[in-house]
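A.B. asks: Please see the structure below; I have some questions.
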């Protein structure tokens, strides 16, 4: 019996992640994400209403058409966490597989939201919640385990398949953060046990492997300290404070809530996706929104809230969408005078997000920042830490997990090969036990006879 | 009697150039340009219909309101060449001065075009043509001389003021190119003579001074060789050829014409500004367009031409606007399927222009190139040489001209100070005889008594 | 009566800081530093034995020869902190002035060490200790105050001159760190009081002003967290641990001591300058070295310690000099097999310092790291935070201090002008109340008559 | 029967190139180069006297020890051109194979020189000259053909193996230059014929594939124009002129000779390797050194020549080694006052070479340039064009040659994968018909049965 790892998406880009693992005839799919970058190439891409084949052609979702030629049966579709590059294509692709979706509770709640918004396809796959630390039998040959890890969204897991052919680890995405407040540290102990038991192959998030610094990724604790140091003085003064960050980054939003609640200001969480992620997280007990805070997602409610904030800005802290300067998001609209909030001298804009590096984001951010500064606002950038493992985290992970074979993923070729070079420093060898796959390619492992 | 150099625009940016020189009570203004970058900050900026004060507030044109406090009379408004950052604000600003406009013939023809498009202001300044190598008396105290130089548009001059207080040189913009076909080499001999006679002050184009390489700017001869090497093979084959370059760069367009006319293909020069600059240049005998070439500027004519080219692309060479990927220009519209020409596998796109470095251009170019490549086109970039002096050209110029005082211009602070450091290597000293001016500041030279 | 600020050194480079303030006929000198970079240009530069005029010619120490033409009398030479670019030229220059040296206790102890090493000049200036928060009368016209600030060496102060002509602040160097363990936060309250009282001029450390990020500099607290996260695992294992950092960075070394003392390992602080700075700091009660730690500075003692460590590396944590890879320092010598410690697979090298950006350091660090990795060591880089204010710290400082005039210093022209642009965002204007000085230039302030 | 391509060296670095092609039992080796970078890691590496196994361990020469496990017999060792990264290890490795060396005449002459310098090994392989355009039978199964190409050293060829299993092309190194004076343009016609006939696999120089610009590499004609423009003025004046370039770059040296010989100055070609390469090239009729020029290689002769030049610099043009600032080469020694030539104000230093990008070269060049400028010299950098194909040359080559399989070489992993991405744009696919090899790995092609 052989094991096969099939690279469907995310092996040539940061985005539209999807992989399949086939053991004998049983197949497990991991993740079904979208690639936001590709949306901008064609001006007429409306995801909700489009057919999956059109979206595949435009490179927006993974090209899973190859799966029809794979001799096997999909037994489960497993999701690691709730970011769109991991769950965003679920409504376009999952209905074609007669298999349950498996995810942690928060991830599953986000998947349900995505499915609800779909306008093209019907959907009736079973939804099966699995908590981190738990296992479930997927087929006679395969048991799935969710090992707890950390990332920039709650309830991220590293799924592990225990099969008759060996253990397969799908570690997409992760960072090693020992100081988050919502999530405990990663389950290093379990990774070490798996390593001792023996891991056949690991698929690993190589997103930051090409960054040359030999570092461990900064903990969220550092983002908290930075935000505290930045917010301390403005909170005491009468000036406006607007913070923008990833709506899905509940850990970060919690930190902002906690800092703001030391003042007398009211917190306003504003924006469609801000409402979506925060309400869910609050309902599930992950996010504790302060008593006098409000979350608004509808345009009308947002505008009313902004009008109030505009009257007495010293009474509020605004948390908005729009950290990339994307023209339709809230902060860029504020910057462009399209709301009732007028930015003025003394306002503090804290951008708790990096520029996701592509030319369009750079242009949008530049335009937004110039507009904000033109009105007299003060801007703080880079109040942020990454959610992806740094080179030295990867080295630690390899030493814990000791997989026989490595398949770098979640990146373009430069990132995957940078990971390969790192792994070669740890004794692996590209072309021997490090396998570079392109989207659509597969790696087969045949059990060695003894 | 004192001499004063007043920095009006272009001392904090590459754009909206305008300077004034005052000798006694007589004032000469140099250039009235616009700053294209600033147009994008406000979405509702329509130059033709706007008042100069609004454009000044938005940073689009030079703020010349300070001139009303200057005790003197403007005797002439002098233009160095026809680029928009030197003549683009003429229709907004010149009518307020009771003074003639002076320029070389091609520059003057472009000025007249600009004035004709104006919708807000009336205009009746006298227009006075002066050829390079000629002088004219501007006031009892001031004689203007046009010294021939080279740049990326024909008939560029370095104006020199001979005054009772000394010689003032306004060298904005220039490169030293000994191998252009339309223009002879710069008049080095005259620059040396002026240097020997004695120059009080020079205002100098520092645009490329911050580039670290110790080089002379490449000649247009090099662009010709590169274009020939690139075009040679495609011209022999049946594939499409589209070249995009600056519409005002007549020297470059001449080179493209010459190369294309060695084949049997018909040349189509397409785009509104392509038509504007090339027709004028042809009428004035500067540009020799091949017999079977056509120039189209109106949307209808362009589309008809593109439809013809689309039917048999091997019969044509297209030269279009849109080298920065700006969405409304022709090549980006072709890339975006908004014309009758369908880009297809085998088409060769030659971009004979750099990316003018700002985030918006980078995003636009990236989007255009991805779209073109997505359709199968092959792209050649960087088939270009700069029109601005390199560090070693500047050094040569300083050694020829030996001005007592230097005023770097045509750049942001980084560029001006990089020029200052270069000049310090040649024995000048910032704060002593190198003067950094910000827009709106002036430098006064009092004649030393003997 | 007029006030004059004279830029002697450090206005064209990061290094050899020296400034003078003249009020009437009374002069106060600030700092006398060296420029380490320039040492490498001539291969035969031996500081201790060379004459100041030779060192001046080679650009290694400030050119104070201009001071003999200044009409006034030096009343005091004041030092801000103990880094070599602020005190390193004291033995070459101070003896020529009949004036006391004034510094905080730790800075003064380091000055005494420097003087003791001098081989060329005799020295008998009085040494006067002044604590932060204290004042002393320097002349009838001038009172000196030491305002407490934070940097990357203990007992850094911002000297303030209270004069009949106004208040002058010399803020060279500083960061705003609220979380150091040895030093309390900067005395913001006093800066605000000075701002309200009125500050005539401030000389300000512009070293990091050219970094584009709109950030406050990270606190040492962040370095502590990063070091803890990196050291935690290796401390538990049997592998070697070598940390290299600035010998003068007592705060950082204290953090390392504290983390290491949670394990059973013995700490070895090794290297000539490590011994110099740490012993002094320990004697003065600034550094608490753990009980079982040892500090060795002599080659023989270092080698004996290394031999012991080599026998059982799991018993030790080594802290060494050599973070820039400079060939004669300890870590590069270890890397190059010139000591008794053999680097081997499993060793952890933690570089708690940036690469000070010049080509020689980059080459040395690259060579050292390749050698260490070639032996199997694991390297952690960038376990560091800066000691200089970021752009947003500068903005805060300007808003607190509100000086009438600004003189950026401690940087090359690019850094000084980047600071000027930042200050322009805060309402200042280059050439009006921001003054760019080159080494050897002066800025005069004449009291305005009412 | 199967064909195998064995990557021995140069697949993880730019340097120590060596590949083998095995057809049945017959093996052809291509190139035996050294890796100069690695020499600096160990301070005691003296190539001439060291054993090959030590040099292999230090990464200085290719690790060909794997060849003893290859089941076959080496029939020929073929060299493409005379650069050290292609022939430098010949004296260390070739004697172990019972096979002739085959190369073009100039390459062979350089190989003989290398062998003559060897102190460790005896050498008796037959030497067999083959001209470009010629073929020779290597074994019953294999015919070798030398196809003419262009590079930065004369008589560079692209060897082609015609075998019973298919055609193998080894294209390491090349550029496509249509305007060299010593060499005719590449034999495009032959490449196209091979493409039409069918090429099984091509090993291709990917050195510049990672440079993002979509360009063809500039021709030497452009270097000639740039050098003419730079040299024209200094040749007329009385100042010193020193040019430094690659000693092996005969085409460039010829251009310099030609330009200099238009003046009355005497040309001095100085330096050990300058003498070695130029004398050989002159003897073989490749280089025409002007009548009044001299070539000196011995320290004594160089010094005498420099003393003469120092007396009257306006009578000479010096061409020296040392373009990377390497401390023992001539120009750095001049800069460091170690010769009888004193650099002074007015001297022109023209560096007709890039900085080969590694930290040590950057540091050395920086130090040399600062020293030269400190003495008043004027420096021109980047008077250079590359010798390696640009991205669009590669695209042209692929379209001509149409190989079934591609093996990128001559670069680090980043370069090889950048080439792979380029080839994917042309319809190839990594992992399918593009093969990434690491040093020591092999790619096997089995003839498909029909």
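Using the three backbone atoms N, Cα and C, a Cβ is placed for every residue, glycine included.
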A.B. asks: For the Zn(2+) 2 site that TrEMBL describes with B:85, B:86, B:173, which of these is also annotated: B:394, B:405, B:410?
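C.D. replies: So, going by the record in TrEMBL, that would be B:410.
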A.B. asks: Which single residue out of B:95, B:151, B:162, B:179 does TrEMBL record at the Zn(2+) 1 site shared with B:81, B:83, B:173?
C.D. replies: B:151
A.B. asks: Which whole-number value in Å describes the distance between the Cα atoms of residue B:86 (Zn(2+) 2 binding site) and residue B:173 (Zn(2+) 1 binding site)?
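C.D. replies: Per the Cα atoms, residue B:86 (Zn(2+) 2 binding site) and residue B:173 (Zn(2+) 1 binding site) stand 9 Å apart.
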A.B. asks: How many Å lie between the Cα of residue B:386 (substrate binding site) and the Cα of residue B:83 (Zn(2+) 1 binding site)?
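C.D. replies: With the alpha carbons as reference points, the distance is 14 Å.
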A.B. asks: Average the pLDDT scores across the domain 'Metallo-beta-lactamase' (B:15-229) and report the rounded value.
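C.D. replies: Summing pLDDT over the domain 'Metallo-beta-lactamase' (B:15-229) and dividing by its length gives 94.
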A.B. asks: With Cβ-Cβ distance below 8 Å and at least 6 positions apart along the chain, what are the contacts of residue B:151 (Zn(2+) 1 binding site)? List them in sequence order.
C.D. replies: B:81, B:173, B:174, B:175, B:387, B:388
A.B. asks: An 8 Å radius from the center of the B:384, B:385, B:386, B:387, B:388 Cβ atoms defines the neighbourhood of the substrate site; name the other residues of that chain inside it, in order.
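C.D. replies: What remains near the Cβ centre is B:152, B:175, B:217, B:218, B:354.
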A.B. asks: Write out the long-range same-chain contacts of residue B:85 (Zn(2+) 2 binding site), meaning residues 6 or more apart in sequence whose Cβ is under 8 Å from its Cβ.
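C.D. replies: Those within reach of residue B:85 (Zn(2+) 2 binding site), by Cβ under 8 Å and sequence separation of 6 or more, are B:10, B:14, B:15, B:16, B:17, B:33, B:34, B:35, B:36.
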A.B. asks: Counting other CB atoms within 10 A of each CB, which of the binding-site residues B:81, B:86, B:384 comes out lowest?
C.D. replies: B:384
A.B. asks: What are the other residues, in sequence order, whose C-beta lies within 8 angstroms of the center of the C-beta atoms of B:85, B:86, B:173, B:410 at the Zn(2+) 2 site?
C.D. replies: B:10, B:14, B:15, B:17, B:31, B:33, B:80, B:81, B:83, B:172, B:205, B:207
A.B. asks: Can you tell me how far the Cα of residue B:410 (Zn(2+) 2 binding site) sits from the Cα of residue B:384 (substrate binding site), in Å?
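C.D. replies: Their Cα atoms are separated by 21 Å.
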A.B. asks: C-alpha of residue B:384 (substrate binding site) to C-alpha of residue B:83 (Zn(2+) 1 binding site): distance in Å?
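C.D. replies: A Cα-Cα distance of 18 Å.
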A.B. asks: Whole-number Å only: compute the distance from the Cα of residue B:385 (substrate binding site) to the Cα of residue B:83 (Zn(2+) 1 binding site).
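C.D. replies: Between the alpha carbons of residue B:385 (substrate binding site) and residue B:83 (Zn(2+) 1 binding site) there are 17 Å.
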A.B. asks: Inside 10 Å of the Cβ of residue B:173 (Zn(2+) 1 binding site), count up the other Cβ atoms and send me the figure.
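C.D. replies: The Cβ of residue B:173 (Zn(2+) 1 binding site) has 28 Cβ neighbours within 10 Å.
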A.B. asks: Just name the winner among B:83, B:388, B:410 (the binding-site residues) by count of other CB atoms within 10 A of its CB.
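C.D. replies: In terms of Cβ crowding, the pick is B:410.
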A.B. asks: According to DSSP, which of helix, strand or coil covers residue B:85 (Zn(2+) 2 binding site)?
C.D. replies: helix
A.B. asks: Other than B:81, B:83, B:151, B:173 themselves, what residues in this chain have Cβ atoms within 8 Å of the centroid of the Zn(2+) 1 site's Cβ atoms?
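C.D. replies: Checked against the 8 Å cutoff, the neighbours are B:80, B:82, B:86, B:152, B:153, B:156, B:172, B:174, B:387.
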